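Engineer: The structure under discussion is supplied below as structure tokens; questions concerning it will follow.
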């Protein structure tokens with residue numbers, strides 16, 4: 001009965017939110033490939049941030065249809081950048097990789113170019129990112145958890161420098177290395193950074209480029225979270241790694257996206273509920289990386305450039321395998337030329353004026369679903 005109650009609580013919460021499923025990938029990470037190569041459906045949230053000449057600047061991770069997280073250091077004084085998605089295999093013979101223009105770059109207001117403190121930035125795409133097997137968002141944790149979340153299966157992904165290119169990244173097949181957090185770190189650590197080390201001592205793959213994402217799974221769940229962005233990687237392979245802790249910046253991410261729109265939220269509202277459920281090996285993967293289309297009055301110049309798609313979670317075989325899958329429709333690319341908005345470190349967004357309007361009210365169909373679950377609760381006596 002408690003198990004049924006837990007499932008219904010999760011479905012109730014999901015039914016009233018326009019939430020997008022995040023942290024789900026089609027590939028099974030335990031399928032080891034040669035030379036730590038990433039398969040085409042692994043890490044579908046990793047993107048390449050490039051300039052207009054298609055020079056790779058840094059990696060980023062998709063958080064939602066419109067938001068990508070990356071490093072501030074790689075985006076200084078950049079006016080025109082794009083995000084190339086579905087990059088697990090960047091075979092030059094395959095020229096059909098989708099790219100999205102960035103119309104807002106939001107570096108952390110306290111980013112220090114000398115110490116590299118607060119080296120984090122948000123990027124907003126000009127049009128909604130289309131999700132499929134090769135392109136998906138990843139979750140991020142909230143900092144306000146009462147206890148650390150149990151994680152497993154942590155990896156750093158990136159492109160390996162070759163002898164032919166020196167320190168420059170060659171866009172090819174994405175690689176990955178397994179890492180673990182270490183508490184006693186001999187490296188000098190900035191605030192809001194953590195230390196990790198390679199788990200495979202025989203690895204000769206070096207992926208220590210700043211900005212490379214570190215990703216882990218929440219234990220007992222098939223749910224991937226963005227743990228951090230590399231701040232420092234040793235030249236020795238294997239070696240030590242420093243990474244910027246994303247959950248330490250969750251409040252910043254939420255505040256900035258709420259101000260610029262559409263807003264994001266971390267998955268910590270799910271944590272206490274999900275981890276207390278009596279499922280020992282459950283596969284429930286639920287998240288709240290969401291935004292409400294109805295809670296923002298968009299400026300005309302921006303709304304013309306966006307075709308906001310209605311998101312609705314697609315539940316598939318919930319009662320059989322306890323997994324919730326999501327699907328989102330893509331927004332059409334903008335036909336209106338929109339100049340990117342840029343944020344200075346201290347002044348915020350130029351031309352601010354977004355007003356919050358209306359109530360975050362349930363759609364009629366969602367209200368009916370919510371009422372149905374309430375009736376199930378009452379009828380079952382749980």
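Here the Cβ of each residue, glycine as well, is placed from N, Cα and C on the backbone.
What Swiss-Prot shows for this protein is this:
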- 154-216: disulfide bond (DISULFID)
- 185-195: disulfide bond (DISULFID)
- 206-237: disulfide bond (DISULFID)
- 29-258: domain 'Peptidase S1' (DOMAIN)
- 113: N-linked glycosylation site (CARBOHYD)
- 1-20: signal peptide (SIGNAL)
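Could you place the listed features in the three-dimensional structure?
Structural biologist: Following the DSSP three-state reduction, the secondary structure of residue 154 (disulfide bond) is strand. For residue 154 (disulfide bond), the same-chain residues 6+ apart in sequence whose C-beta sits under 8 angstroms from its C-beta are 178, 179, 180, 181, 196, 214, 215, 216, 227.
Contacts of residue 185 (disulfide bond) defined by a Cβ separation under 8 A and a same-chain sequence distance of 6+ are given as 195, 240, 242, in order along the sequence. Annotation note: residue 185 (disulfide bond) sits in a coil segment as assigned by DSSP.
Other Cβ atoms within 10 Å of the Cβ of residue 206 (disulfide bond), summed over all protein chains shown, number 19.
Less than 8 angstroms from the CB of residue 113 (N-linked glycosylation site) sit 73, 76, each of them six or more residues away in the same chain. DSSP gives residue 113 (N-linked glycosylation site) a coil state; it is part of no helix or strand.
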Engineer: 195, 216: which of these disulfide-bonded residues has the sparsest Cβ neighbourhood within 10 Å?
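Structural biologist: Each of the disulfide-bonded residues 195, 216 was scored by Cβ atoms within 10 Å; lowest is 195.
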Engineer: Where does residue 216 (disulfide bond) sit in the DSSP three-state scheme?
Structural biologist: strand
